[in-house]
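> Take a look at this one; I'll ask things after.
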């Protein structure tokens, strides 16, 4: 399965179905393996995606994007920051691919306008120069020879402007795909590897007390993604805008630069104007989205009893999970109408049905069912590895790592995963490695989360190749970038990412998850 996932000789979802066929034939497990394909984590994934599809259907994400860009403005460094902040925020809630697909055309429109303005200002400058030359020639014809050497300077200036525009285009394109991947790690439903981790932890350690939930993950991953986003912004500035930060922030702008920025700003303003005022459907989806996030955060915050514990308590436990909340809000999306009857004429038309905020046709078109099977295949593989004793055997083979300091183990594993994920699917990478890492950690009496958390984040550090992740491929298809551009920028960002994750698990995450103590729920053999 690992080989087929890496080579994609068969579709990923088809490979994920192998356990259903092979486990019973090989006497590993009976057909109860099918239960692994629709667990709590899969339902959380489906519920999160239904919300994302509703947001996309009513263009709420585009409205948020344009509003933020109007606030940040179009100075090079701030433009870069604006696109990165918007893309990262949106990819926390909707798929990284959908976010990138929406943001790149907006960026393209802004870049085209900036370039057009540059060309116009250049043409105007040349015309005025030619008029001045004509007057000079009338007064002193001999000046012709003196003016000739200046001609190459115009072409050089044009080339410099084109080169500058190309660099800005590259920087802006990379900023979108990188921030989509960085933003996705911040929330539990932001990207699939996060959900794979939750599923694997619940599968391998049933008594973990729901240690990975929306609130605990956000507390760990959001600061990490924020630090990485700032580092990515600084690195892309240095690489494509140069070291002149004063100029990048527009502190010494010429009148022509101001005019150029105003025209680009007008494009964003016009796009925002086209959306019109917020419709009832947009407001309803926004309210439900905010409600979903609030319910996720307050279900089990950790430092105080959550609403699930207070309202639905049975023998000091609650059966309500993050998936319960996601499905509740998803069902409301199919019930609440997308518009309200405002006139008596509308009310008197019984045949006229108002559509709900979400319909199954939209879901059918946009729901990636293949990922649901892929998640399930990963859980089935983990269960099979546990039942057959493969995980335990692999874990014992990795016990020599006990001699290495724990931070060094985490750092080496992060580098390994970050390299591996450039060539394979992020989901496949986490699915393959997490059960092995869990067994290894148990055998050397190390908290499993100390290696599982950083490796899950490292699986999203796919920055170097266009094939590494769909956002990279989308950006690459627009033609601004060469593979070497992505590899050069991505290599440094991969290193920065691994260092940021290593910092995170040894500082704030350590106290959050008690990573330096071996938990009782992981002590299955009783040897630690």
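Counting begins at 1 with the first residue displayed.
Note: Cβ is positioned from N, Cα and C throughout, glycine not excepted.
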> Look up region 'Disordered' in TrEMBL and report which of 137-166, 167-196, 197-226 it refers to.
137-166
> Please identify the range among 64-94, 95-125 that TrEMBL labels transmembrane segment.
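Within the set 64-94, 95-125, TrEMBL attaches transmembrane segment to 64-94.
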> Would the transmembrane segment (449-469) count as touching the transmembrane segment (64-94), i.e. at least 3 C-beta pairs under 8 angstroms with sequence separation of 6+?
no
> Near the transmembrane segment (449-469), which same-chain residues lie under 8 Å Cβ to Cβ, leaving out any that are not at least 6 residues past its ends?
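Non-local partners: 96, 177-178, 181-182, 184-185, 191, 193-194, 196-197, 200-201, 211, 220-221, 224, 406, 409-410, 413-415, 417-418, 421-423, 426, 429-430, 433-434, 437-438, 440-441, 475-476, 481, 483, 486-487, 489-491, 493-494, 497-498, 501-502, 504-505, 509, 513, 515-516.
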> Determine whether the transmembrane segment (41-58) and the transmembrane segment (211-236) share at least three Cβ pairs under 8 Å, counting only pairs 6 or more apart in sequence.
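As far as Cβ distances go (cut-off 8 Å, pairs 6 or more apart), the transmembrane segment (41-58) and the transmembrane segment (211-236) do not touch.
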> How about long-range neighbours of the transmembrane segment (280-298): same chain, 6 or more residues beyond its ends, C-beta under 8 Å?
51, 54-55, 58-60, 63, 93, 214-215, 218, 306-307, 322, 325-326, 328-329, 332-333, 336, 338-340, 357
> Which bits of the chain, at least 6 residues beyond where the transmembrane segment (318-338) starts or stops, bring a Cβ under 8 A of a Cβ in it?
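Distal contacts: 40-41, 43-44, 46-48, 50-51, 54, 58, 188-189, 210, 213-214, 280-281, 284-285, 288, 291-292, 295-296, 299-300, 308-309, 312, 354-360.
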